[in-house]
Each structure stands twice: as C-alpha cells, then as structure tokens.
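In TrEMBL this protein carries:
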| type | residues | note |
| --- | --- | --- |
| ACT_SITE | Asp66 | active site |
| ACT_SITE | Asp259 | active site |
| DISULFID | Cys189-Cys389 | disulfide bond |
| DISULFID | Cys248-Cys413 | disulfide bond |
| DISULFID | Cys300-Cys349 | disulfide bond |
| DOMAIN | 48-385 | domain 'Peptidase A1' |
| CARBOHYD | Asn322 | N-linked glycosylation site |
| TRANSMEM | 423-448 | transmembrane segment |
Amino acid sequence: VVLRPGSVSRQQDPLAGEDGLALASDPVGTLNFLAMVENLQGDSGRGYYLEMLIGTPPQALNILVDTGSSNFAVAGVPDPDVTSYFNTELSSTYKSQGIDVTVKYSQGSWTGVLGTDVITMPKGIDGSYVINIATILESENFFLPGVKWHGILGLAYDALAKPSSSVETFFDSLVRQAKIPNIFSLQMCGAGLPVSGSGTNGGSLILGGIEPSLYKGDIWYTPIKEEWYYQVEILKLEVGGLNLELDCREYNADKAIVDSGTTLLRLPQKVFSAVVQAIARTSLIQEFSSGFWTGSQLACWDKTERPWSLFPKLSIYLRDENASRSFRISILPQLYIQPILGIGENLQCYRFGISSSTNALVIGATVMEGFYVIFDRAQRRVGFAVSPCAEVDGTPVSEIEGPFTTADVASNCVSSVSFHEPVLWIASYALMSLCGIILLVLIILLLIPPRCQHRYTDNDVVNDESSLVRHRWK
C-alpha cells in the first residue's frame, strides 16, 4: 500500500456504525509502508529490534524498539554481551555534545555521552537524518547474554528524555526532518513461539502511518492520558469472563502504560494477586506451585500436550475516545503461558507471562504480541486492532470487542496528581537539603560550649501552657 498526498485508507470507526476515512498525508513524497513490513526481528523474551545504519561510513547495528523510554542510545565501547558497537572515531559525521547522560530502567541502567550523527534505515523511511545519539560507555544489567541488539530506540515523549526534555527524541527528529505524520504503529509476531528462541520472529515498525495488511477488523482507540509514557486508562480486568471487582484506580496505580520494551504483562501487586487467584481458581489444575506464578519456576508438560486449554482468557477494558464507552482487548492463554526453548527431551516447559509491579500496570509484549498497536501522537490516542500473526496452530489468540457502557465504573480511574520523575527528583533534593540544614543546626548546637548556654534562674518560669513538659523549672 502506497499512501500519497490526499490519498485515503479505509478504516472503520466501530462506534459510528459505518465506514470512516483516515487520511494519511505525506507532504514530501511517497511513504511505502509495505517496505517497512517485517523490518523487525526478535522475540518476546529479549525484545524486538530494527536494523539501523549509523554514521559515515555507515555502521550497521540492531536497535531495540522501546515505547517506554525516550533516549536513542547505542553501545559505544566493546561489551562482552554485545556483538557490535558504534565506534564514533570511525564516523566523520559524528559530533559529541560533551553531555553525560544516565538512564535507569525497571531492569538495568547505562551511562554515556550525548552526540549527534546521521542515520538511515534499510527498511524504514528513505533518506538520512541527523539524530541525537547517546553512546553507552558503561552499563549494568542492560546488555544481557544472548541479546542480538546493540542499542535502544526510545519512542516515548520528550518528557522522559535524559538528561532533560530539551533533548529532541528520535521520532520527533524524524517527524520534523522527514515531514511525516506524527504517528507510528507496531506489530510483534511472537505469539506461541518459544521465549528467547532463535530471535528471528518477525515484526513491523511502521513510521508515519498505518499499514492495513497488519491488522484485521476494526481499530479501537483509547485516549493518551498524559504525554510522557503512553499512559492510558484501564477500567477493569476480567479472568475467564469474571470481573475482578477491584476499584478501577487499582488498575492505574500509579500509571498504566503501553511499553514494547517490557517483556511481560506487569500488574500492580493487588491486581496481580487477584489475577493469580482468579486464574488458579478457574484453571483446570488442582494444585500448582506458587513458584510458577512468581516466575521462579517453570511448569512442564509432555511435548505432545498443549496446556493452554487448562487456562482462562484474560481481558483488559480500556476507555474509548467516547468516554461513556469502553472496549476490551483479550488474550488467550497461548500469550501468557509461554513456552521456553530446549528444556529436556520429552518435556516442554512454560513460564508465566505476567508479573507484579510496584509502580505501574504495563501492557508489555505478553499482550502486544496479540495486536497491531497504533501510537497516534497527532490525535493523542493509542489504537488496538487484532494482528493476523497472533495465531497459534491456526487459531487466533487475541480478540477485541465493544463497545460497552462505562456506567458501572468511575468517570475517572486515573489519579489527578501525577508525580513525574523530574518532580520526584526536585522533591528528593529539597528534602535532602532540608535534612542537611537541620543536621548542620544540630551539630552547631552540640559544639556550643556549655558556658554559652542559658542557665535558668529562679526568676525564669516556664508554665505548663508554654512547655512540652508537665512540670515547672526550679
């Protein structure tokens, strides 16, 4: 499908009851979305990555696609877990900005230096573009054994960019320089395939629009609540068709985000416990090890068996653009009971693709592999449609249904107070400064010689009203 200026692609608005039109503008020429189809490789255990050419002459690197962060960073020095790195000394177009940057993720962190260089994408938008690049000089638990990517492409908003939001993000640079629409879409095709397998599972990152061949049925949109992460509003969860009956604010504590860089579906602790109890209650397994639910143990069956029939469907309700309505995205057990490669000769072992979280509900690869996900930044919304590659043994493993009324949930399930990382840093520094001042005053008081201290005489009287003690000074 080639979308030219003024051309339209057919897209149904599920709430309108008739076909709607989605205009795909292309001010500078032709965006060939088909050229971007299957431009990703990877798996749900170690992430999906895009090949990118960086510098002059170009150096080819695989870059992890991450919608949960905002920095574009590549390995800048050799690392035992990385097969390639970007050597800035070999690029005539690299320019260092001399600014140190550190980024911490839910797992792992890195420190590097900001610079700029030109990039091209063999299976992306035509042309070369000057992009902010952080070269990673030190890292901890970021590059892991077996990963086939050498850097990370943060596709979230500039509010999360480090060291500050003034660092223009990769996608913002692309929108500005290539003059593409402010929208991208993502399909990850690892449903039912072994976690941390060959790393050749397909996927597609469509920059600048929507490719119709990557979804079937309707696209359902939910508003982006705040532009930092792709924060959405979740109204309720169902396990096996039964509502968990939790306050909807529990699902959004303290945020609910769509994050391709997270491998699992992560749930706030209270929600996680309720989901595990509901799955255990509705599954056909009488006794199950608690270690399976916490991720410390695998569950194994004979290779001739398929355990998915033993587990229930999981549904997540999202608020529709029409606030009085919702829709639900559902994943079958084939997405959250995940096979692990190469365990034993006669047994196939599986992991639980859901984990607990201390600070967010994260719709990660466990769920995203069931859908074609549209990050429509221009209209501040995230879209979901069923992905044709989300099939196991010819059976679809994901569903979208709606609309449903929201009369049974609160009008707002998201806390109105949002503590972004910059605010937290400011608050922590202020508290540390206050503690330092108090400590300094205490040290000075301790160092004052006793002769300088005031001694009470018979004429000094402190009555009960003006004292914290229940006696008079004598």
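Just so you know, glycine gets a Cβ as well, placed from its N, Cα and C.
With a 10 A radius on its CB, Cys389 (disulfide bond) counts 18 other CB atoms from all the protein chains. Rounded to a whole number, the C-alpha distance linking Asp66 (active site) with Asp259 (active site) is 7 angstrom. Nearest by CA distance to Cys248 (disulfide bond), out of the recorded positions Asp259, Asn322, Cys349, Cys389, is Asn322. Closest in space to Asp259 (active site), of the disulfide-bonded residues given as Cys189, Cys300, Cys349, Cys389, is Cys189, taking the CA atom of each residue. There are 16 other Cβ atoms within 10 Å of the Cβ belonging to Cys300 (disulfide bond). For Asp66 (active site), other Cβ atoms within 10 Å of its Cβ number 23. Of the listed disulfide-bonded residues Cys349, Cys413, the Cβ environment within 10 Å is emptiest of other Cβ atoms at Cys349. Of the recorded residues, Cys189 (disulfide bond) and Cys349 (disulfide bond) place their C-alpha atoms 20 Å from one another.
Using a 10 Å radius centred on the Cβ of Asp259 (active site) and all shown protein chains, the other Cβ atoms total 22.
Neighbour density at the Cβ, taken as the number of other Cβ atoms within 10 Å, is lowest among the recorded positions Cys189, Cys248, Asn322 for Asn322. Spatially, by CA atoms, the disulfide-bonded residues Cys300, Cys349, Cys389, Cys413 include one closest to Asn322 (N-linked glycosylation site), and that is Cys413.
Across the domain 'Peptidase A1' (48-385), mean pLDDT in this model comes to 93.
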